[in-house]
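Novice: As annotated by Swiss-Prot, active site applies to 19. Feature annotation from Swiss-Prot assigns Zn(2+) binding site to 18, 22; the stated evidence is sequence analysis. Under the heading domain 'PDZ', Swiss-Prot lists 175-274. Annotation comment: Swiss-Prot describes 169-191, 301-323, 343-365, 392-411 as transmembrane segment.
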């Protein structure tokens, strides 16, 4: 149960942060955001703000989305002869077009619609008391659809495809960007929780409780200077010296550890502990505990994880295998393991997955943010927009590829994790 809760929390945070990036910069770019949804499937909760954005919480805690005006099948169609009721503002402009028979307003003006333009001219025409009349429609007017859903109209100037190229590019990039920021922030938080960043350039050590070194008398911040005569000046020297000193070590044999404690040099016999095929002496690298060191340490961890993910992506391209990919099932399995290991493991997993999600979404495949960014760049180079039909077909092809890949990855994960 704890694994499921951890999975939902991690996945939910990653999705909210990612989609908020798209949402925020779409608004800043003048694009009307129809809906900001967390989860998929039937609505559990919904709220419409003054800007016309519908915020929804949906039943399945898997994914989420930001729906912008001008994307896909976004146009509201009103059939000729459809009965409607119009609500006018003080200037005589239509501020509400009600097509629902279940939400009637007795103060509104009844009309049978014969024509309309809610994108360019912003007008609606119809029969009012058997007389044809045309009314101007306010830029921020709303439509109550037949099922009772109220949405804002989307004039051309607030549709996605009519925003500036720069606005669209930053809107598409903002999701992955937010994932990178989240990953960096969580890694920095993790370093602070751990007390600092391991200092691999030093030979000062932290001594593990009940470990071999602790039993021999070593204490935190002691300085190991030699192991079996091998000089130690850094953590790498220490690990190599332990490896060399224990290479032919018998079951009950010890090694000599020379260390400096409170300016006094001491040599003790330490009995290494065997773990799998390697020996350890129960010490960790000392920590750099300065505020700046912690900040830089978090950035270093984030860069290290990003570099690892990029190398894995390179390996995936040169030698594709489903076993190198993981979907929601694999993510649940990792969340379950992290939950059992405590808060630091959960935070580490969240940070890694956030950076992973950011990099994955920048792959230039249609339907991913990277594919949209690529089309923005092509449009900027050509200095003319890509036809909407062409863009729609390209996106549809990308969606089909991603759906097939996701099904294959999920099936592979199920077989790997549960069987």
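In case you wondered, yes, glycine gets a Cβ from its N, Cα and C as well.
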Novice: When a 10 Å sphere is centred on the Cβ of the residue listed as 'active site', how many other Cβ atoms does it contain?
Specialist: 20
Novice: Looking only at the domain 'PDZ' (175-274), report the model's average pLDDT.
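Specialist: Its mean pLDDT is 93.
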Novice: With DSSP as the yardstick, break the domain 'PDZ' (175-274) down into helix, strand and coil residue counts.
Specialist: 34 helix, 29 strand, 37 coil
Novice: Going by DSSP, give the three-state secondary structure for residue 19 (active site).
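Specialist: Assignment for residue 19 (active site) reads helix.
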Novice: Counting across all protein chains present, how many other Cβ atoms fall within 10 Å of the Cβ of residue 18 (Zn(2+) binding site)?
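Specialist: Excluding its own Cβ, residue 18 (Zn(2+) binding site) sees 25 Cβ atoms within 10 Å.
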Novice: If you draw a 10 Å sphere on the Cβ of residue 22 (Zn(2+) binding site), how many other Cβ atoms land inside?
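Specialist: 25, counting other Cβ atoms within 10 Å of residue 22 (Zn(2+) binding site).
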